[in-house]
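As structure tokens, the structure follows; a few thoughts come after it.
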Amino acid sequence: MKTSVMDLKVEPMDIDFDQPPPLQVFAHTSTLHGISHIFSYEKITAKCCLWVVFFLSSLTFLMYVCIDRIQFYLEYPHVTKLDEITTPVMVFPAVTICNLNSIRFSRITRNDLYHAGELLALLNSRHEVREAHLVEESVMEVLKSKTDFRSFKPRHFNMWEFYNRTGHDIKDMLLSCQFRGSPCRPEDFSVVFTRYGKCYTFNSGETGPPRVSVKGGMGNGLEIMLDIQQDEYLPVWGESDESSFEAGIKVQIHSQDEPPFIDQLGFGVAPGFQTFVSCQEQRLVYLPAPWGSCKSTPPSSDYFRAYSISACRTDCETRYLVENCNCRMVHMPGDAPYCTPVLYKECAHPALDFLVETDSDYCSCETPCNITRYSKELSFVKIPSKASVKYLAKKYSKSEKYITENVMVLDVFFEALNYETIEQRKAYEVAGLLGDIGGQMGLFIGASILTILELFDYLYEVMKYRLCRCSNKKHHNNNNNTDHNAVFSLDDVNCHVSKFH
């Protein structure tokens with residue numbers, strides 16, 4: 001019987017890959033303008049070359065405009081918006097006042113003179129009265145009794161206690177006080193220490209919610225009459241940081257979240273005048289980097305709950321003095337020891353003056369992103385008038401000369417119940433950049449985002465087709481090399497099987 005032959009040869013599988021349409025077909029179906037005239041079915045003509053020039057020129061202009069827009073975006077420009085908003089109620093600002101004389105002469109004791117007499121420029125290094133020929137007789141008598149140190153045993157001296165005890169008392173300075181027509185008291189002023197010593201803040205917000213104004217104009221804010229007590233001023237026989245050539249008070253109007261920085265930001269008010277301060281609240285909003293340079297992170301200070309330039313400066317000055325003098329001044333926060341009078345004179349005052357005037361790099365305080373400040377307009381009238389001086393002298397049991405030299409009135413009020421907003425805004429964002437680029441794409445080459453997707457889709461199909469064809473050819477060649485003789489007869493199979501029986 002003739003055996004049959006079974007052909008067991010394995011043929012490679014032929015995979016059919018979809019070939020992408022020709023470039024001419026894609027060009028005539030694409031939404032990209034102009035390429036249908038470039039990739040045409042006809043031979044290359046002058047018309048085709050012109051379309052190539054037009055298309056490449058448009059593409060060049062498009063790239064130029066896109067680069068310009070991207071560069072403008074990377075400059076992170078901003079615009080400033082100014083607006084005025086009316087409101088029925090406004091929080092009244094904090095008002096800090098400081099007498100320009102920080103130490104009352106009558107409150108100085110023998111122990112004070114022993115420790116701080118040289119700092120106050122009253123005594124020399126030998127504990128003797130300086131410039132005795134300039135001293136008035138009444139002052140000299142007081143100094144003689146207090147500078148007899150022959151049997152004196154000095155006691156402990158603390159600068160904070162000294163400033164607190166000898167500073168002007170608001171109960172003695174405040175002759176009258178009204179807020180929105182209602183009387184206010186010395187207890188409505190909280191004590192705060194500054195470089196001027198013991199100062200006072202009205203409406204600080206520390207003991208309760210801050211007071212508000214419901215109407216603008218004079219008589220709807222704070223009106224105080226003060227006695228600056230010039231007879232308590234330290235006699236000046238030389239220049240020192242603790243003595244003042246001026247008479248009056250320093251005033252700062254600020255928000256409740258901002259500590260007073262009155263030696264740098266305050267304005268002066270002189271005796272013998274009524275000073276009207278018309279305020280308008282300004283709310284400033286700045287942008288952080290890269291559009292601006294404001295500080296948007298929480299404060300790193302251990303002493304202040306909110307970041308402000310005043311808080312940053314105070315914190316920085318404190319660190320500077322602790323590092324250079326190993327102590328702090330009375331108005332500075334923290335737990336470092338207070339400077340002694342010797343350190344005040346030899347280290348603290350010179351170091352702080354140097355920091356304020358020259359070393360601006362050490363205290364680099366960024367602008368906060370949100371600021372509340374108050375613009376001010378000041379006007380003055382003479383007080384007292386000839387008609388009122390006798391009445392005031394009788395009312396307060398003072399001489400007419402004393403009233404003229406010491407009494408002043410400060411009137412702080414809102415101009416109107418509105419506030420001004422000054423806000424920085426991003427001038428060019430991602431949406432604007434995409435809109436400009438999309439508009440230019442439509443103008444120059446008639447393209448959109450979907451057109452770009454069409455191009456990528458066609459390129460993807462072409463790349464996939466070429467890669468798959470290349471892979472299939474390699475696979476076909478490998479199969480031909482390894483399976484060149486895979487054909488067996490049925491007799492060979494039977495012979496192979498019989499060996500196992």
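Cβ coordinates are placed from backbone N, Cα and C, and glycine is handled just like the others.
Among the candidates Cys325, Cys327, Cys365, the disulfide partner that Swiss-Prot records for Cys347 is Cys325. Note on Asn164, Asn480: Swiss-Prot annotates N-linked glycosylation site at Asn164; no matching annotation appears for the rest, which is not proof of its absence.
Only one of Cys199, Cys279, Cys294, Cys312 is recorded by Swiss-Prot as the disulfide partner of Cys98: Cys199. Out of Cys363, Cys365, Cys369, the record in Swiss-Prot bonds Cys294 through a disulfide to Cys369. Comparing C-alpha positions, Cys177 (disulfide bond) sits nearest to Cys199 among the recorded positions Glu84, Cys199, Asn370. The local packing around Cys339 (disulfide bond), expressed as other Cβ atoms within 10 Å of its Cβ over all shown chains, amounts to 23. Most other Cβ atoms within 10 A: among the disulfide-bonded residues Cys98, Cys177, Cys184, Cys327, Cys363, that distinction falls to Cys98. Taken together, the residues of the topological domain 'Cytoplasmic' (1-54) have an average pLDDT of 64.
When Cβ neighbours within 10 Å are tallied across all protein chains shown, the highest count among the disulfide-bonded residues Cys316, Cys325, Cys347 belongs to Cys325. Cys327 (disulfide bond) falls within neither a helix nor a strand when secondary structure is assigned with DSSP, and so counts as coil. Within the same chain, residues at least six positions away from Cys369 (disulfide bond) with a Cβ under 8 Å of its Cβ are Val285, Tyr286, Leu287, Pro288, Cys294, Lys295, Ser296. Among the recorded positions listed here, namely Asn164, Cys312, Cys325, Cys339, Cys365, Asn164 has its C-alpha nearest to that of Cys199 (disulfide bond).
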